[in-house]
Amino acid sequence: MSSAAMVKAEDSLEPTLQNLLDQKTLRWVFVGGKGGVGKTTTSCSLAIQLAKVRKSVLLISTDPAHNLSDAFGQKFGKEARLIDGFTNLSAMEIDPNGSIQDLLAAGGGQGDDSMGGLGIGGMMQDLAFSIPGVDEAMSFAEVLKQVKSLSYEVIIFDTAPTGHTLRFLQFPTVLEKALAKLAQLSTQFGPMLNSILGGRGGLPGGQNLDEILSKMESLRETIAEVNAQFKDADLTTFVCVCIAEFLSLYETERMIQELTSYHIDTHCIVVNQLLFPGKDSSCEQCKARRKMQKKYLNEIEELYEDFNVVRMPMLVEEVRGKEKLEKFSDMLIHPYVPPQE
């Protein structure tokens with residue numbers, strides 16, 4: 001008997017992600033979990049399903065590993081690009097390490113060169129990177145800034161592993177601290193630096209430090225606006241991806257607790273890589289692993305009885321390319337029926 005049968009049908013929620021397709025107000029979907037559990041495959045597959053019911057869908061990778069290009073067999077960059085074979089599904093990969101440099105360059109060039117050769121660019125960059133989590137915060141802010149200028153009906157984030165994702169979601173607080181520190185430095189040294197820069201011809205594009213700080217304040221306002229949307233369950237949800245093992249389950253529980261503390265909705269869990277050996281299977285390892293997985297599946301059912309829990313099988317081939325992703329995505333909507341155990 002499968003673990004699904006251990007929960008009464010009338011008490012259990014639909015074991016699919018169909019509810020996300022039916023929620024027409026949904027604008028932001030985050031897909032996250034521990035490394036190596038199938039986040040990218042799940043986010044790509046969900047994007048494919050959403051593209052069937054929405055006018056325009058954007059899939060964004062904020063994971064430094066960037067697996068979207070590998071999943072679809074197509075190169076993506078920091079500009080949104082239509083995915084081959086689709087008319088309304090685009091993808092982009094943001095480099096989390098590039099956004100602060102881009103912002104602080106503020107007029108062209110890199111590092112010291114962009115600050116008139118005075119080393120101020122390096123100083124500002126070091127200051128920014130010295131604040132814990134600011135890299136995640138700023139890269140996320142840059143993503144939002146780009147997304148805000150585009151017109152997509154729903155946006156899916158293929159996020160970095162759990163720790164990075166949770167820091168991403170704390171970015172408003174982190175950015176406030178960064179801005180406060182920069183404002184303090186500007187008050188203390190701004191007139192002197194502007195005077196020195198004036199003698200050296202100023203910053204590229206005729207900007208000054210006040211203009212840079214003004215840009216950062218504008219960025220903060222964008223973040224505040226989108227952050228309000230993130231806390232609206234009608235607009236935003238987080239899909240947790242895990243496997244039926246202790247560490248993954250532990251990470252998922254920690255993530256759900258943190259998401260709840262941030263007031264971000266989460267009600268869907270995708271459990272990947274499940275083994276379903278047939279009744280006559282002679283694979284002892286498969287049976288032993290299935291026994292372990294059933295134990296953790298039971299725990300998931302007990303812990304998250306008010307969640308949509310989707311069970312996905314371990315496949316014999318890698319899920320890469322449009323065809324295989326489409327096949328995998330169907331199982332997110334139409335539950336996989338395992339062989340009789």
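Start at 1 and count along the chain as shown; that gives each residue its number.
Every residue gets a Cβ built from N, Cα and C, even glycine.
Per Swiss-Prot, ATP binding site is recorded for Lys34, Gly35, Gly36, Val37, Gly38, Lys39, Thr40, Thr41, Glu245, Asn272. Taken from Swiss-Prot, the feature active site covers Asp63. Here Swiss-Prot flags Cys283, Cys286 as Zn(2+) binding site.
Looking only at the recorded positions Asp63, Cys283, Cys286, the one with its C-alpha closest to Gly38 (ATP binding site) is Asp63. Take the Cα of Lys34 (ATP binding site) and measure to each of the recorded positions Asp63, Cys283, Cys286: the nearest one is Asp63. Sequence-distant neighbours of Glu245 (ATP binding site) (same chain, 6+ residues apart, CB-CB distance under 8 A): Met292, Gln293, Tyr296. Rounded to a whole value, the Cα-Cα separation of Thr40 (ATP binding site) and Asp63 (active site) is 9 Å. Residues within less than 8 Å, Cβ to Cβ, of Cys283 (Zn(2+) binding site) and separated from it by at least 6 positions along the same chain comprise Pro277. The residue listed as 'active site' has a Cβ environment of 23 other Cβ atoms inside 10 Å.
In this structure the alpha carbons, written CA, of Gly36 (ATP binding site) and Asp63 (active site) are 12 Å apart.
Among the binding-site residues Lys34, Gly38, Cys286, the residue whose Cβ has the fewest other Cβ atoms within 10 Å is Cys286. DSSP classifies Cys286 (Zn(2+) binding site) as helix under the three-state reduction. The Cβ neighbour count for Thr40 (ATP binding site), using a 10 Å radius and every protein chain shown, is 24. Asp63 (active site) sits 32 Å from Cys286 (Zn(2+) binding site), taking the Cα positions as reference.
The number of other CB atoms found within 10 A of the CB of Gly36 (ATP binding site), across every protein chain shown, is 11.
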